[in-house]
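Visitor: Below is one structure. I have some questions about it.
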Amino acid sequence: MDNGVQEGSVRLGEDAEAVLAGAVSTKANHRQVLSSLLSGALAGALAKTAVAPLDRTKIIFQVSSKRFSAKEAFRLLYFTYLNEGFLSLWRGNSATMVRVIPYAAIQFSAHEEYKRILGHYYGFRGEALPPWPRLLAGALAGTTAASLTYPLDLVRARMAVTPKEMYSNIFHVFIRISREEGLKTLYFGFTPTVLGVIPYAGLSFFTYESLKSLHREYSGRPQPYPFERMVFGACAGLIGQSASYPLDVVRRRMQTAGVTGHQHGSILSTLRSIVREEGAVRGLYKGLSMNWLKGPIAVGISFTTFDLMQILLRQLQS
């Protein structure tokens, strides 16, 4: 009788410990998700604000048939400043923030979760993932974020390429597009976006995580210095954006067709139109040199801010 009671007590104690451990683990996971969301939101906001004037200039060239050059790009920046004022260089940045903050928060948080899930699946729990799962985690994170925030990206592109008299604010863009072009217009360009995000996010996260792993292996230091993170992020941005750039041009043409005089069309028809009118290299890689300037800066700031915020929040929690 006593033995039965003792065994029952032991089992009850073990069950209680298991429930308590599960609750602690769940709480830690929730805290990690919130930490990733906050860090990602701040990282995206800082990075995009830093390069907003260059981003707006790139979009204007992407959606027009004007030939791109660095000289013409900076001339456009200068005349925009003269004619519309300094803050006009950030026109559309409020729409960018509305999109980028949730996009970056979701992307970074999803990346951490996909790393955890894939690490568990492939038996690398708590360790650096091997190359293929590392690439897959980045691609899945980017696809998840793009799918959930795409209409905001279209609104940002519309505000960037139109005069301020056309749309007074973000909500005005949504209302006019819905009334004049239909709700489905909010998803024009979605397919090339996802097709571009897969190599972009996959290669960006893969490159950054790989460089950090190599740094750990050869330097003997567990964490890179902030400027080293910036360099790793810059390399990641350069590789990721170069690989996905033609689809970015196609996406912008499809998003802004209703206000630039181009016809709405499929990916292939838009692609053929660009190549026919402007040539393959000149049309599909228009503004790439601008991206080589702004992309590494933005991605470097983004990845570095995320990592440093994660470190800071872990220290505060402990």
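Heads up, the Cβ atoms here are built off N, Cα and C, so glycines get one too.
Below are the features listed in Swiss-Prot for this protein:
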| type | residues | note |
| --- | --- | --- |
| REPEAT | 31-117 | repeat 'Solcar 1' |
| REPEAT | 129-214 | repeat 'Solcar 2' |
| REPEAT | 224-312 | repeat 'Solcar 3' |
| TRANSMEM | 33-53 | transmembrane segment |
| TRANSMEM | 89-109 | transmembrane segment |
| TRANSMEM | 135-155 | transmembrane segment |
| TRANSMEM | 186-206 | transmembrane segment |
| TRANSMEM | 230-250 | transmembrane segment |
| TRANSMEM | 293-313 | transmembrane segment |
Visitor: Which residues of the same chain, at least 6 past either end of the transmembrane segment (135-155), have a Cβ under 8 Å from a Cβ in it?
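Guide: Residues 95, 98-99, 102-104, 106-108, 110-111, 114-115, 118, 129, 170, 173-174, 177, 185-190, 193-194, 197-206, 209, 255 contact the transmembrane segment (135-155) from elsewhere in the chain.
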Visitor: Grab the same-chain neighbours of the transmembrane segment (230-250) for me: Cβ-Cβ under 8 Å, and only residues 6 or more beyond its ends, written as numbers and ranges.
Guide: 62, 189, 192-193, 195-208, 211-212, 215, 224, 267, 270-271, 274, 283-288, 291-292, 295-304
Visitor: Determine how many residues of the repeat 'Solcar 1' (31-117) DSSP places in helix, in strand and in coil.
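Guide: Taking each residue of the repeat 'Solcar 1' (31-117) in turn, the totals are 77 helix, 0 strand, 10 coil.
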Visitor: Averaging the per-residue pLDDT over the repeat 'Solcar 1' (31-117), what integer do you get?
Guide: 85
Visitor: Within the same chain, where does the transmembrane segment (293-313) have neighbours whose Cβ lies under 8 angstroms from its own Cβ atoms, ignoring anything closer than 6 residues to its ends? I mean 6 or more beyond.
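Guide: Tertiary neighbours of the transmembrane segment (293-313) are 35-36, 38-40, 42-44, 46-48, 50-51, 54-55, 58, 104, 108, 204, 208, 223, 226, 229-238, 240-241.
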Visitor: For the repeat 'Solcar 3' (224-312), what are the DSSP-based totals of helix, strand and coil residues?
Guide: 76 helix, 0 strand, 13 coil
Visitor: I'd like the per-state residue tally for the repeat 'Solcar 2' (129-214) from DSSP, helix first, then strand, then coil.
Guide: 72 helix, 0 strand, 14 coil
